[in-house]
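A short worksheet on the structure shown next.
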Amino acid sequence: MTQLMTSGNQTMVTEFLFSLFPHLHRGGLSFFIPLLLIYGFILTGNLMMFIVIQVDMALHTPMYFFISVLSFLEIWYTTTTIPKMLSCLVSEQKSISVAGCLMQMYFFHSLGITEGCVLTAMAIDRYIAICNPLRYPTIMTPKLCIQLTVGSCFCGFLLVLPEIVWIATLPFCGSNQIHQIFCDFTPVLSLACTDTSLVVIVDAIHAVEILASFMVIALSYIRIIMVILGMRSAEGRHKAFSTCAAHLAVFLLFFGSVAVMYLRFSATYSVFWDTAIAVTFVILAPLFNPIIYSLRNKDMKDAIGRLFHYQKRARWTGK
């Protein structure tokens, strides 16, 4: 049941309803089972990558350090939205409190921006490794890697905070139906019964952040590709391309869908396309990350093999 609170002559909304989720007896289960399997794979795949990188000394390099950070972030990034989606698919009450909605928005966008910053740091790492290999060990030190990671977290968790605080002050007294699969800025702000034109400034800030990361990554990889094409060794070119292809795939999948969703300003999409784009960066991008970084990466596959071989040998020794 919708919860409302009367304030003066207005009825204030205390919870939002997700209108896009079907009821369990109308096909909800057909979405619930695949989504549950995908979520389980995302958690298992990213957790396995994080553990393998931490325990295998051969992977204690800046590149794999950033991949482990990305895997750790993906676990929490998906956990901010997918469990609520699963709940809405099997529950008759497809609601979320206003406070819960604000929390979901804050952590989802904070973790998303942090991921974007980490992907930018990874692009810089690959740029230095390929374009300036002799100075790479002295530039990309463990201290710098940690500083870049901490800076990414500060950027992500501080940049979104003013917007969330502002939204928390807005009155919601009209419709309470969110036409999206999670709490996002545009669907929530459209329900406010006051002027929200200030969102244009917020959109501009997000646009600058997205475009800055996109430009740094794009320019880094353009330079990287030019250097790779100039390599004399075919084996060296293949290895460099193989490493960068994985990073480019993750970059295009994540930033491509984010750019389409958040760099549109006044442009509007149909509910179908809004949902499809959201599914891409909320579900599909995290799903493909473990596949791209593990199944297509020889070093990761070897490290996973060593870990399981060690555990198997330890069990036999214990007997």
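Glycine too: its Cβ is placed from the backbone N, Cα and C atoms.
If you check TrEMBL, you get these features:
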TRANSMEM  31-52  transmembrane segment
DOMAIN    45-293  domain 'G-protein coupled receptors family 1 profile'
TRANSMEM  64-86  transmembrane segment
TRANSMEM  106-124  transmembrane segment
TRANSMEM  144-168  transmembrane segment
TRANSMEM  210-229  transmembrane segment
TRANSMEM  241-265  transmembrane segment
TRANSMEM  271-292  transmembrane segment
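For the domain 'G-protein coupled receptors family 1 profile' (45-293), the mean pLDDT of the prediction comes to 87. Sequence-distant contacts of the transmembrane segment (106-124) (same chain, six or more residues past either end, CB-CB distance under 8 Å): 63, 66-67, 69-70, 73-74, 76-77, 80-81, 145, 148-149, 151-153, 155-157, 159-161, 164, 182-183, 185, 209-210, 213, 216-217, 220-221, 247, 250-251, 254-255, 258, 281.
Residues 62, 65-66, 69, 102, 105-106, 109-118, 120-121, 124, 185, 188-189, 192, 198, 202, 205, 209 of the same chain, all 6+ positions outside the transmembrane segment (144-168), place their C-beta atoms under 8 angstroms from a C-beta of that stretch.
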